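The block underneath contains the structure these notes are about, expressed in structure tokens.
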Amino acid sequence: MSEYSLFTSESVSEGHPDKIADQISDAVLDAIIAEDKYARVACETLVKTGVAIIAGEVSTSAWVDLEDIVRNVILDIGYNSSDVGFDGATCGVMNIIGKQSVDIAQGVDRSKPEDQGAGDQGLMFGYASNETDVLMPAPITFSHQLVQRQAEARKSGLLPWLRPDAKSQVTCRYENGKVVGVDAIVLSTQHNPDVSYKDLREGVMELIVKHVIPAHLLHKDTQFHINPTGNFIIGGPVGDCGLTGRKIIVDTYGGMARHGGGAFSGKDPSKVDRSAAYAGRYVAKNIVAAGLAERCEIQVSYAIGVAQPTSISLNTFGTGKLSDDKIIKLVRDNFDLRPYAITTMLDLLHPMYQATAAYGHFGRTPVEMTVGDDTFTAFTWEKTDRADALRAAAGL
């Protein structure tokens, strides 16, 4: 971070139209993978006034009630009345999901599971830094926490005039690679028409902003932009069309690290867009947790139908205790980054994905979940269980 003095990241709430789409896509994936863990799923969603459309390609033996899944996601988010502009109980649901191409299947599937080829070509990045306790960049971490708190305040009734759609943005000031202050906070939240701007600003400042941002990072010149346009009554899919995969920077590192371009939601773990990005985070986080570097960005690339990565590269931005080449060797010795090996290493064949589809895929806490008879750990890529082995192998 030493190359920046200011850095800004944004996040959006679970009620943002693009995030509604992401959550629907991942809810469909979860429902299918709960019945058929080896299913191939690529589900895209579009939401707009009064309608949700799901499309994509699936190869599975499972049957799931897709319309019911879509409606439940929308209702659970809080779009349950025409008063808020969208109602999961009455909106139209269109399903145009088809079968996966046999050409893709023959390139991916193998008689030996460990030889499974990548589902597509592409490049993926993983990143970690020691500037927060979750080893994530501070601007995106604070941005996620603001919209998470907005949802908590809305759902608990703490601020009952809040509605589901919201966006946040945080600008952090850095000195010598460390966060020393927050220079600007933007929080725009949908609300009902009866609340005054004065009450809205006071409630958001006291019960959301000050609850999230550490007081020692705020200063006399910190800018607070709370609903800067004044009113935000019309929101959600009425205000904007929502699509799966349009918040890839929100989903990852808030722009602090590079991005290969592939979205996550709606894709089963055979798609390296998702699984290899999770593996990249796992590798980078363990490198930083081991004390091998203060910051680490790793790139992995694949060819469709080929198991072994076509490249692995790494950058510690001058913060490494070892050379980057030596750390890459440690990565190759300690992590198998073939697609099937990633799925096994991170235990990805479980219905865990809807939980990832809002408030970021990274910087989360591994949590035990139970779906039906299946008990598993979600967010396994956030574990630091390889740090000790890496530290020992590095001789630190």
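Counting begins at 1 with the first residue displayed.
Glycine is no exception: its Cβ is also placed from the backbone N, Cα and C atoms.
The ATP binding site annotation in Swiss-Prot covers HIS16, ASP165, ALA166, LYS167, ASP240, ARG246, LYS247, ALA263, LYS267. Residues within less than 8 Å, Cβ to Cβ, of ALA166 (ATP binding site) and separated from it by at least 6 positions along the same chain comprise VAL12, SER13, GLY15, HIS16, VAL147, GLN150, ALA151, LEU187, SER188, THR189, GLN190.
Within 10 Å of the C-beta of ASP18 (Mg(2+) binding site) we count 22 further C-beta atoms, all protein chains included. Under DSSP, ASP18 (Mg(2+) binding site) is assigned to a helix (H, G or I) in the three-state scheme. According to Swiss-Prot, the Mg(2+) binding site annotation covers ASP18, on the basis of sequence analysis.
For the recorded site, GLU44 (K(+) binding site), the DSSP three-state label reads strand. Same-chain residues at least 6 positions away in sequence with a Cβ under 8 Å from that of GLU44 (K(+) binding site) are, in sequence order, ALA21, SER25, ILE54, ALA55, GLY56, LEU243, THR244, GLY245, GLY266. Marked as K(+) binding site by Swiss-Prot on the basis of sequence analysis: GLU44.
Listed in sequence order, PRO17 are the same-chain residues six or more apart from ASP240 (ATP binding site) with CB atoms under 8 A from its CB. Among the features that Swiss-Prot reports, L-methionine binding site is placed at GLU57, GLN100, ASP240, LYS271, with the record citing sequence analysis.
Residues or ranges marked as region 'Flexible loop' in Swiss-Prot (evidence: sequence analysis): 100-110.
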Binding-site residues near LYS247 (ATP binding site), in sequence order, restricted to ASP18, GLU57, LYS271 and a 10 Å Cα cut-off: ASP18
Listed in sequence order, residues with CB under 8 A of LYS267 (ATP binding site) and six or more positions away: LEU29, VAL41, ALA42, CYS43, ASP273, ARG274
Reported mean pLDDT - the region 'Flexible loop' (100-110): 59
Rounded to the nearest Å - Cα separation of GLU57 (L-methionine binding site) and ASP18 (Mg(2+) binding site): 20
Cβ atoms near LYS247 (ATP binding site) (within 10 Å, other residues, all chains): 25
Pairwise Cα distance maximum in Å, ATP-binding residues per record: HIS16, ASP165, ALA166, LYS167, ASP240, ARG246, LYS247, ALA263, LYS267: 25
Cα-Cα distance linking ASP18 (Mg(2+) binding site) and LYS271 (L-methionine binding site), given in Å to the nearest integer: 21
